[in-house]
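*Asks:* Pasting a structure below so you can have a look.
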Amino acid sequence: MSEDDEKNLGLADCSKETHAFIPPSAPPIATTSITIATTPTSSCKEKGGSGRRLSQCSAVAVPMLSIPPQQEPPDGGLQAWLVMIASFFCNGILFGTINSSGVIFAALKDDLEANGVENPASKASFCLSLTIGMTFLMSLVSGVLTDKLGVRLTTGIGGAIATAGLFISSLVYHKIEYLTISYGLLLGFGGSLAYTPSLVILGHYFRRRMGIVNGFVTAGSSLFTIVMPMLFEYILRLYSLKVLFQILAAIVSLLMVCAFIFKPRLAVRPREGALPGDAGAAASSRTLKNQFKKFVSQFINFEIWRNKRFVIWTLCIPIALFGYFVPYVHLVAYAKMVLGEDTKAQVLVQCIGATSGLGRLLFGYIADRPWVNRIMLQQISFFCIGSFTMLMTAWSNFWFFVVLALGMGLFDGCFISLLGPVAFDIVGPTGAPQAIGSLLAMCSIPLTFGPVFAGWLQDLTGSYFLPFLMAGIPPIVGSLALFTMRCVHPPLTADQDSPVRETSGTQNNIIMKENEKKYLSFFSLSETLGFQIRLRNVGQFKVTQVLT
């Protein structure tokens, strides 16, 4: 380096003191994150200059650019446990009501027949099935609103809409057209707005215990599914559908209480595509396309769809679910067809529900182990569910059906309990609301039409052999298709400590290269000063050698 260059830069040589040259445009200095070690050279005398000084010395630690770490979830504490209990009640109330639709269906069908309504069974079943369809279909909207309005407000709005839908249903239950709107659409939409945030909020308070907590929360639907049918039958025996809907409205209104407990701890997702300052605003408004993209990006998180692992996961899960719900709808009819009408076939559904709750707790605990791959657990659960469904065609024996139903419920609990944790693993906490919402919205299609297709096959063949045999294929295919995620490297924006992330040397190199891109621009002065920089991914960036 020439003497003129040293004067222009304001460099000084000193045997004792060391100063780091920091460009005027450098980012704000934070905690020490980069260690610079230099090799001693010949001593020299100080050169004057108006700028800051750079010296050659033995070693120096310089505070440089540092990204502040995200606030870690507490994984415990009073507020965290209250959030877990509130989420438990959200899941239990919503899906306990939906899963108990069979009791409402029988009473509604009888009431419609008494009022001379044509095709009462098909109309009543459509009204009730619309609730579950809307709950999953509108989850995408729920995810967007969670990003825009927050977890607490979205849950509160959902609870209010669901409560209003049930109260209106108590006034119009004789009119199936109005009931389809109030019970099918309003309850389904309101339930969707409350359900998605109840999963998202868990990631704000739990990380290490995410699996077991999510298992406990989703087990609420299993527990309420056991209790609520008995409650419904008791109310209908003493009163009527009108009173049942009014009591349900009071129960569902508890969702608004849960909303007050859902206090978020993480920041709302930053808007995408915004550039700092007036220059960014001018650049984004040059074309109509950019304006539209900026507007849409305020509602849709495009980042999660750039995550190839998330795209694969979101496509594979609906494939697996095309046959997943068939046993829940047709198992009772199938058992009575092959075992006789006097068979207590409803016991099979109760077996699925009981072991499903157990599976959510058991596999939730297993999923928290650091050596467990959560996506692999989902693959195993789908493969077993598909196999058990196909095996139901192998032997017409009641106890054989019971064993298969118990196994299906166990792995059903595994799959359900891991939906939220895997979403957080893949896209992180800021992308989880829309990730969960998008997945549930896509799941509404196979969950709705899978059982319909099985029923069509049964009408066509007169037997449940082919429907159950074919229903086992999609879960197995979806399980195998998830292996393609292992061919795609996790993006750097995903959860770094996720159990589904690869921790190989290849991934470390990718992280190192990305960090080099991020920080080498700050060290561009090195070319002028004539020293080389090497970075090693060992927690700190180290300049191992300085050449003059």
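These residue numbers are counts, starting from 1, taken along the chain as shown.
Cβ from N, Cα, C; glycine included.
Nobody curates TrEMBL annotations by hand; they come from automatic prediction.
Pasting the feature list from TrEMBL:
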- 80-108: transmembrane segment (TRANSMEM)
- 80-490: domain 'Major facilitator superfamily (MFS) profile' (DOMAIN)
- 128-146: transmembrane segment (TRANSMEM)
- 153-173: transmembrane segment (TRANSMEM)
- 185-205: transmembrane segment (TRANSMEM)
- 212-231: transmembrane segment (TRANSMEM)
- 243-262: transmembrane segment (TRANSMEM)
- 310-333: transmembrane segment (TRANSMEM)
- 345-363: transmembrane segment (TRANSMEM)
- 398-424: transmembrane segment (TRANSMEM)
- 436-458: transmembrane segment (TRANSMEM)
- 464-483: transmembrane segment (TRANSMEM)
*Asks:* With an 8 Å cut-off on Cβ pairs and a sequence gap of 6 or more, do the transmembrane segment (153-173) and the transmembrane segment (398-424) reach 3 or more such pairs?
*Replies:* no
*Asks:* Is the transmembrane segment (310-333) close to the transmembrane segment (464-483), in the sense of at least 3 CB pairs under 8 angstroms with a sequence gap of 6 or more?
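*Replies:* These two segments touch.
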*Asks:* Quick check for me: are there 3+ Cβ pairs below 8 Å between the transmembrane segment (243-262) and the transmembrane segment (80-108), leaving out pairs under 6 residues apart?
*Replies:* yes
*Asks:* Between the transmembrane segment (212-231) and the transmembrane segment (345-363), are there three or more CB pairs that fall under 8 A, provided the residues in each pair are separated by 6 or more in sequence?
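*Replies:* Answer yes: the transmembrane segment (345-363) meets the transmembrane segment (212-231) with 3 or more Cβ pairs below 8 Å.
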*Asks:* Check the transmembrane segment (80-108) against the transmembrane segment (310-333) for contact, please; criterion is three or more CB pairs under 8 Å, pairs 6 or more apart in sequence.
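*Replies:* When sequence-distant Cβ pairs are counted, the transmembrane segment (310-333) does not touch the transmembrane segment (80-108), since fewer than 3 lie under 8 Å.
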*Asks:* Cβ under 8 Å, sequence separation of at least 6 from the ends of the transmembrane segment (128-146): give me the contacting residues as numbers and ranges.
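*Replies:* Distal contacts: 94, 98, 101, 104-105, 108, 154, 157-158, 180, 183-185, 187-189, 191-193, 195-197, 200, 299-300, 433-441, 443-444, 447-448.
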*Asks:* Report, as numbers and ranges, every residue of the chain located at least six residues beyond the transmembrane segment (398-424) whose Cβ falls under 8 Å of a Cβ in that stretch; write 'none' if there are none.
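*Replies:* The answer is 199-200, 202-203, 210-211, 214-215, 218-219, 222, 313, 327, 331, 335, 339, 343, 347-349, 351-364, 367, 374-375, 377-378, 380-382, 384-385, 388-389, 391-392, 432, 435-436, 439, 495, 498, 500.
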*Asks:* Restricting to the same chain and to residues at least six past its boundaries, which positions have a Cβ under 8 Å from a Cβ of the transmembrane segment (310-333)?
*Replies:* 304, 345-346, 348-349, 352, 375, 378, 382, 385-386, 389, 392, 401, 405, 408, 422, 426-427, 431, 435, 438-439, 442-443, 445-447, 449-451, 453-455, 458, 464, 467-468, 470-475, 477-479, 481-482, 484-485, 488
*Asks:* Residues of the same chain, at least six outside the transmembrane segment (212-231), with any C-beta under 8 angstroms of its C-beta?
*Replies:* 84, 87-97, 99-100, 102-103, 198-199, 202, 206, 350, 353-354, 356-357, 360-365, 367-368, 413, 416-421
